[in-house]
C-alpha cells in the first residue's frame, strides 16, 4: 500500500509481568473530525510548541512500554490520512492468516481520493510462534467520487461495503469485482455497484449495516435517518464471502449520473433538529435502530410503528453527540460519545418516550471530543473509545466501583490506554476473526502537517485475562526462573 512501515514493530515474549495501570495520556490540541471553518479559538504559537514537546515526551514514555503492554503491534505511516478503517473477510492461506482491511485516502486534490482494499497478514502462531506482528499490503485501489468519510461492511458478506462522501447518496461497492485502479490526477472515478438515494442534503458520517438482514442505515445534514434494503440486489452466491464472482446483481436501470443502478429508501425518519452524526442497528432486529446528532439527542426508532422516534432522549450529553454503538451481547445497552469529552452507557429499559433518561454509566477519561465508540465482540462489558486527544481507551463497566489500589487516580472503568497515536484517533475497529485485535487510524495534520498513522495491535493477554489466572501463570514463571538460576 502507499505507506511506509515504521521501524517500531514489536514481537512480545511471554510470560511477563504487566502493570494494570493505563499508559499516560498523550494530549493534543482539539480539532474537529474535519477542519471546521469557524472562529474557534486556537492556542498561540508558543503554547503549541510547548504542547508538542509534551506530546513527544509522553509518546517516548509510551514507546518504552511497548514490549510489556502488547502481544503484537505494527505501525504504518500513511501518505494520506484515512478517516475510516474496517476489517473485511478472512482469507485462509497455508502459512498465514490473512484478513482484508478497508481504508480511505483523503488527498489534497493532487491525486484522487481512494478506497483502499489491503491484505493484513499475520503468520499462524502454531507454525511460527515468534511471528506475531502483522504486515499490511495494498491489494486494490478504488478511485472514489469524493472523500471517503465512512466505510461500513455488510455483515452477511463483508466484501460488500458502503461508503459515505460529501454528498446525499450512499455508495455500495463489491470490493472483489471492482477493477484495481491507478490513482493519478484526471483519472475517472470508479463506478459504484449501487447507489442509495433519499437524503435531501449531504450525509457524511452516519452509516450502518444491519447484522441480521441486508439493510443500510444513514443520517445526514437534512436531519433525517434513512433506511434502505438491498436484499433484491444481492445474489444467492453473495451470502458466502468466500464464493467467487459478483455478490451484487448487475441488473436494473441506470437512473443517475454515475451510470449505476439506484435504490430508493424503504423509510425516511424525522425527529432530529440538527445534523445526524451516527446511527446503529439493534443487533437482533432490522426494524429497530438508534441515532445521535448535533442536537445532543439520542433517539431510538422502530420502523414498524411510524416515521417518528419511539424514544427521544434530550440532552443525552452536554454537547454534540458524535458516535453511537449498540451492544451486540445485550440489546438493552447503548453506547454514546460526545464533544463534551465523555462516553455514556444508556439502558433502554430506563428510557421513556417523553425525553427522560439518564445514563447508567458515565466515563470520563478523555481530554477532548470523543469521535468513535465501539463495543468489544469478545466481552460484553468491554468497549473502546477514541478521541481528539490522541488516545484510544479500553473500558470495562464491570470494574466501575472497584477502585484499584495500584492506580487510585485512574478514571473509573478504564483498564487500558493505547497512546501510540500522536494526533486525533478518527476511527478504530475490533477484529471479529482475531480476538482482542484492533486496527486504528489517526489524522496527523495537527502533529506533523499531513499524512496519517495506521496501527494494528493487541494488548497483552495478561491484561484482560482473569487476575487469578494471570497470577498463577506468573507464579509458575517465577518458580521456573528460580529453578534456572539455582542450577550451577
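One-based numbering along the chain as shown.
Positions of Cβ are set from backbone N, Cα and C atoms, glycine also.
The model shown is predicted, which means the values in this text are computed figures rather than measured ones.
Per TrEMBL, region 'Disordered' is recorded for 1-54 (among others).
The feature compositional bias 'Polar residues' is assigned by TrEMBL to 43-53 (among others).
The feature domain 'Histone-binding protein RBBP4-like N-terminal' is assigned by TrEMBL to 57-122.
For 238-250 (among others), the entry in TrEMBL reads compositional bias 'Polar residues'.
Positions annotated as region 'Disordered' by TrEMBL: 238-261 (among others).
Panel annotation: around the repeat 'WD' (269-311), residues 203, 205-213, 215, 217-221, 223-227, 317-328, 331, 334, 336, 338, 346, 348, 351-353, 357 of the same chain, lying at least six beyond its termini, place a Cβ under 8 Å from a Cβ of the stretch. Annotated repeat 'WD' per TrEMBL: 269-311 (among others), in sequence order.
In terms of DSSP helix, strand and coil, the repeat 'WD' (314-347) has 0 helix, 18 strand, 16 coil. Marked as repeat 'WD' by TrEMBL: 314-347 (among others).
Taken from TrEMBL, the feature repeat 'WD' applies to 363-399 (among others). Sequence-distant contacts of the repeat 'WD' (363-399), counting only residues of its own chain at least 6 positions beyond either end whose CB sits under 8 Å from a CB of the stretch, comprise 22, 25-28, 30-33, 55, 319, 322-330, 333, 335-345, 411-419, 421-430, 432, 435-436, 438, 440, 442, 447, 459, 464.
In the repeat 'WD' (269-311), the DSSP tally of helix, strand and coil residues is 0 helix, 24 strand, 19 coil.
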